[in-house]
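Have a look at the structure below, then the notes.
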Amino acid sequence: MEYVIEMNHITKEFGNFKALDDVTLCVKKGEVHALLGENGAGKSTLMSVLFGLYQAEQGEIKINGKPVKINNPNDANNLNIGMVHQHFKLVHNFTVLESIVLGRETVNGGFLKMDEARKKVVELSEHYKLKIDPDSYISDITVGMQQRVEILKMLYCDNEILIFDEPTAVLTPQEIDELMKIMKNLVDEGKSIIFISHKLNEIKAVANRCTVLRKGKYIGTIDVETATRETMSEMMVGRKVNFNLDKAEEKLGNVTLKVENLSVVSKISHKKVVDDVSFEVRRGEIVCIAGIDGNGQSELVYGITGLIPLQSGKIEINGKDITKDSIRKRSLAGMAHIPEDRHRHGLVLDYTVQQNVVLQTYFEPRFQRHGFIRFDAVREYAKKLIKQYDIRSGQDENSVTRGMSGGNQQKVIIARELDRDPDIVLAVQPTRGLDVGATEYIHKQLIKQRDNGKAVLLISLELDEVMEVSDRILVIYEGEIVADLDPKEVTVQELGLYMSGSKRKIAK
Amino acid sequence: MKKQKFELSKGGKDFIASIAAIAAGLLFGLVILLFSNARQAFPAFGMILKGGFTDGLSGIAQVLYVATPIILTGLSVGFAFKTGLFNIGAPGQFTCGAFAAVYIGVKWTFLPAGAHWIVALLGALIAGAIWGMVPGILKAIANVNEVITSIMMNYIGMYLVNILIVKFVYDPVRNQSVPVAKTANIPKAGLDKLFNYSNINISIFIAILAVIVIYIVLNKTIFGYELKACGLSPEASRYAGINAKRNIILSMTIAGALSGLGGGLLYLAGSGKYLQVVDVLAPQGFNGISVALLGISNPIGILFAGLFIGHITVGGNNIQLYNFVPEVVDIIISTIIYFGAFALLIKSLLDRFRRRPSESGAVKEEK
């Protein structure tokens, strides 16, 4: 069997930490080969080795059966290896055509000759069914089209091996379907694809084979068609993962959070980023605000929690108007906030775990006496939370949070926020960047909160999360709530239409 | 877990970094001495190192006298720094405090003997506090950078004090302030006889007390917890509902008060030092920045950094015996500061060396 890429027994060390330990990856010509693993499993390190960004200590790389040495990304380009990055690297005020030819311009005596380039780009786009408009500006086109531009860029350079680094993170379900089709097309045309992902559904849908990494180690390569979701996740996490969240019947109580006609104006663009939003969250339900990133969900939460000023509107907690209250008062009124940016807002990174768990409660009599911190009480409290929420770190309550893993940092925040026994929890992308195990844990915690008769407002970009966890879905599009849906009755496809603004249920 | 024993504590790393900076600074000073007069360089260098230990007890007393005001200005800068603010206004706060102390010392002779110096010091404290508060308020309300405003406050303070000296407490013959009343001098409590040095008084104990108070405030109280949180992460503090604006104002006010107190202590020492009507910013204020950097903003570190700088300053005065100028010590101090900034780099390097093994250890644990 001929392999287009063979990476044999690759070992990469950082200091005495083995990021990759004897990892082997073999990609056949004309296949979509998925690279599956949790965060920190070594997927990106492996790709960086292939791309020449890192040099492996041990192991060899063969392209088309010939051993090669890849010292830098230029070598990789010369070997026809191209990569679509998770965050696109495009120039916003260039046209699509200009972006594609950037770096490989056709010139005549120092002058650009765009006609030839245009011909080639149009040909490529027709051949591979990548719909683009060569004269639109990057800043004006959708994320899906930007991704197609990135793909065309690789094709324009005649790349044969295409690496997709978590390409679906920024797309709507429709765009994901589109991308899957494109990938299949590319493979049919003889290209080979490495598809990095931790989403099992997508791998199931598009990949032929799948290599699983865990903590820098090679776990195995499997045939996707015959493997089940359960086996793949077990290989990835190292234990069985329960995909079905046990949710009790919802028992709706009183309205906890009530938002009326809320509007927020952006400081930068002076546009309304949250436009006349009204909704309610009741005790015993998880309401999810679904939407594509950048449609005002962050600002909506900042407005509710008091981090940015409102232009207009009213916020009530348990019937009490808190619109003008300070952040401290809102928190005392029973509002907890698991912030989107855990480094910027969630933690004082240079504080220890015990200092961080009392960030909103340090002034309570149980933690202070006459203005002096009761260190024993704080330590005991931190120990209790560490045990209860299974927070792992080098020095337990004395660990500085900056040095902890993302999942454990998030657990510190969740422990702190949920242990305050809040009536309403605002959780913004609480599982972003976390592995399957931690995600499962956090979902369970949110559901426990709901089952205990508290309200949860979840803001998520992950459709799986939206569909599985929530009791009610509000779709936000360009700062407006465009639909109020029941996850049991709506399909992912339909949800995608609302999220992309092509459909709306709630009239303007 | 055994590995942990070999790891330095955070304080230990800071200490090593500071020592490295000092060594580098001294070495540079030696090079300068060698260049200017190679034959006498080594004895003079020895004298700098010996510093306060040259003249027995009186030398030590001299170190304490020189160190007292810079410990306080160092504390002022360091305290503000811990809360995320750069108080470069120490010279202005110092001068204003000094003037308030001198004014009260000269004019308020109606006060009883035991209370006069205390009231004068309180005046110094308050004047410095006001001078620190202004940049604090501007920062909190209008988000004006405190570095710019406190530099401006330095000049406003300097010229204002010049005007006020001439107006109220002027000695036209010497172009300086008139001496304060005897009752306004800080008590010597027999220290002058003990150390056989007339300039010493209990002010070093006041400085040490200030160090202890600031240490406790920063490390043991919820107020310090809030201040440090604001300094380390303004956004996270806001998220947690901490009133950052109030803390900025309070922090600058306290920093100003410390500098002001330093000014009061120096000019009430009864050491023949008077406020000069000159257009020069108080050097003790800027030395405070050096002390704070060298002490890595830690109150205890600042105490020792202040004593050390006092020590080599005294040594620097002594090298005039060998026909060297005492300014060599200023060069050494400034070199130490350069390397002190460098020390932050050394510290992060130490961090990086130490972090590796602990990280892989953590990974193992998780398995």
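The count begins at 1 with the first shown residue.
Placed from the backbone N, Cα and C atoms, the Cβ positions cover glycine too.
According to TrEMBL, the feature transmembrane segment maps to B:15-36 (among others).
Look at TrEMBL and you will find B:56-81 (among others) tagged as transmembrane segment.
Listed as Cβ neighbours of the transmembrane segment (B:93-111) (distance under 8 Å, sequence separation of 6 or more from its ends, same chain) are residues 69, 73, 76, 87, 117, 119-121, 123-128, 130-132, 153, 157-158, 160-161, 164-165, 168-169, 177-181, 183-185, 255-256, 259-264, 266-268, 274-275, 281-282, 284-285, 288. The feature transmembrane segment is assigned by TrEMBL to B:93-111 (among others).
Here TrEMBL flags B:117-138 (among others) as transmembrane segment. Non-local neighbours of the transmembrane segment (B:117-138) in the same chain are 76, 85, 87, 89, 92-94, 96-105, 108, 111, 144, 146, 149-150, 153, 157, 180, 183-187, 206, 248-265, 268; each lies 6+ residues outside the stretch with a CB under 8 Å from one of its CB atoms.
Long-range Cβ contacts of the transmembrane segment (B:150-170) within its own chain (Cβ-Cβ under 8 Å, at least 6 residues beyond either end) map to 87-89, 91-93, 95-96, 98-99, 102-103, 106-107, 131-132, 134-135, 176-178, 275, 277-282, 285. What TrEMBL lists as transmembrane segment is B:150-170 (among others).
Residues annotated as transmembrane segment in TrEMBL: B:200-218 (among others).
The list of residues near the transmembrane segment (B:248-269) in space but at least 6 beyond its ends in sequence, with Cβ under 8 angstroms from a Cβ of it, reads 65, 68-73, 75-77, 79-80, 83, 85, 87, 89-90, 93-102, 105, 117, 120-121, 123-133, 135-137, 139-140, 146, 180, 184-186, 199, 201, 203, 206-207, 210, 214, 227, 230, 275, 282, 284-285, 288. The transmembrane segment annotation in TrEMBL covers B:248-269 (among others).
Under the heading transmembrane segment, TrEMBL lists B:289-309 (among others).
Long-range contacts of the transmembrane segment (B:321-346) within its own chain (CB-CB distance under 8 A, at least 6 residues past either end) are made by residues 16-18, 20-22, 24-26, 28-29, 32-33, 36-37, 40, 43-44, 47-48, 287, 289-290, 293-294, 296, 309, 312-313, 315. Summarising the annotation, TrEMBL assigns transmembrane segment to B:321-346 (among others).
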